[in-house]
């Protein structure tokens, strides 16, 4: 399309990218993130089903790194490198899905509470405050203990407990946007609730929501691995948290099997750090006041 | 389409105008009322959360175990799950008011008593870690904000981000592998711990080193980043220019003028983040087999002991609600700006 609106949008996007690229941390984050995504997509091509099958394990129990097994083996004799690479898939998917669910709930609650005042807003705010101070891990543990299942349950448990921060942010932004004169103009011209919310409030809240989602993915990945480490979710799924649980329960700590304990943990830290760096860089770009400070 | 680059922060600052009137009593009543509401919501949530599934808690507790129909019925009768849900809810409420959290399935004892036993160690561990982490985080945050973009700021903000990204329990596992020979690897005291007060305290302290260290590293980063942001917020204020114009040394401007103002919002945040400390403590305790509520949670999960899990859930959340109430009241006492609005 060549309409002036699209030209302006393209120019804005270009400006955002140039400013983002000036942030070294953000660029490093994007590169690391890209590598993880690539690993997740290519994993089925590089790794055969049989190398993940306990019954067809070729190595010995807790073998230290060698030519055959660059990162040694786990308690079943499977390659830790293969398992860690495969674990990227679920960690990434669950982290993203949980973050999107959480921000989706948060944005809906935030816009509703900000746009409609009165009792609806009061009830929603009371609810948000309650969930905000709740130790979210405790609730997530309780939820995933009660609901049976694998990755889906974990996504639900994390999404349902972690939305309040984005709800508060979005509500504040909604209030601020609706106080501006152009909203009054839109209303005077006969714009209803739907028009104001979808045409005016939502577009101006979106950058904030985007930044929030990026930052939320990191938190969600940590939460996911924590729930897995505590033994929640299905044990047949290969995840970083699940690997570390097997490692510590099979005595890898006392055995000093660093090749089993370090790789999944380092993978978690790198991926979370990458999302955090990208999120912070985006925040700086989309928030000029922050940019001049940092 | 509105301006894609609209400054976010400027607009967030426009909060609704503060309501006039209402003294200290009204403030206190609102806050206490809110806390009571939260506690009630926890109690209701605690009941229905463990009954949302089709079937009942007995089905979940015995999941994956060979149990006959008659045994299931007996378990149901024992735990009162054969009664109508409203009757169950009423019994649960009356029980809670008497401090009765139901019976633990795995320990075969009242859940309340077991939780009470484990409360002390958790308070000791997370309290010590929270104080140390707050001290470290606030100090580093103030330093880095004052000398922003200097070498210390760059290095320590980076380090804080890395520690923030590390799951506390994994940090615990790694530290355990590295320093397990030097410090005790688990528990709160040696089997032959001396009974005299001072040697016993030293023994416990020796056992605390690794778990506290882990927890501090896991949570201080948050405090540092909040303190840094809070002080940066104050940096361009007019009153600092005034203080400098009076000829005060840089050090004095920071300590007497900027820091006190930046410290106030951060203090409340320290309390607000106690939920995070609790979350961290749960997994760290599980790693170091610290005999607190965290390890109890792990044990309850292992045994699918829902009544115990429910009790822990209620106790932990109510504790956090109370700490938040304390934070709100404290902020009002400390900060005249809150009193005025």
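Every residue gets a Cβ built from N, Cα and C, even glycine.
Here is what TrEMBL records for this protein:
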- B:119-327: domain 'ABC transmembrane type-1' (DOMAIN)
- B:28-50: transmembrane segment (TRANSMEM)
- B:123-140: transmembrane segment (TRANSMEM)
- B:161-184: transmembrane segment (TRANSMEM)
- B:204-223: transmembrane segment (TRANSMEM)
- B:262-288: transmembrane segment (TRANSMEM)
- B:308-331: transmembrane segment (TRANSMEM)
Can you work out whether the transmembrane segment (B:308-331) touches the transmembrane segment (B:161-184), with the criterion being 3+ CB pairs under 8 Å where the paired residues are 6 or more apart along the chain? no
Considering pairs 6 or more residues apart, do the transmembrane segment (B:161-184) and the transmembrane segment (B:28-50) have at least three CB pairs under 8 Å? no
For the transmembrane segment (B:123-140), could you work out the same-chain residues 6 or more beyond its ends whose Cβ comes under 8 Å from its Cβ atoms? 156, 160, 204, 208, 211-212, 215-216, 219-224, 226-227, 263, 266, 270, 274, 277-278, 280-281, 284-285, 290, 292
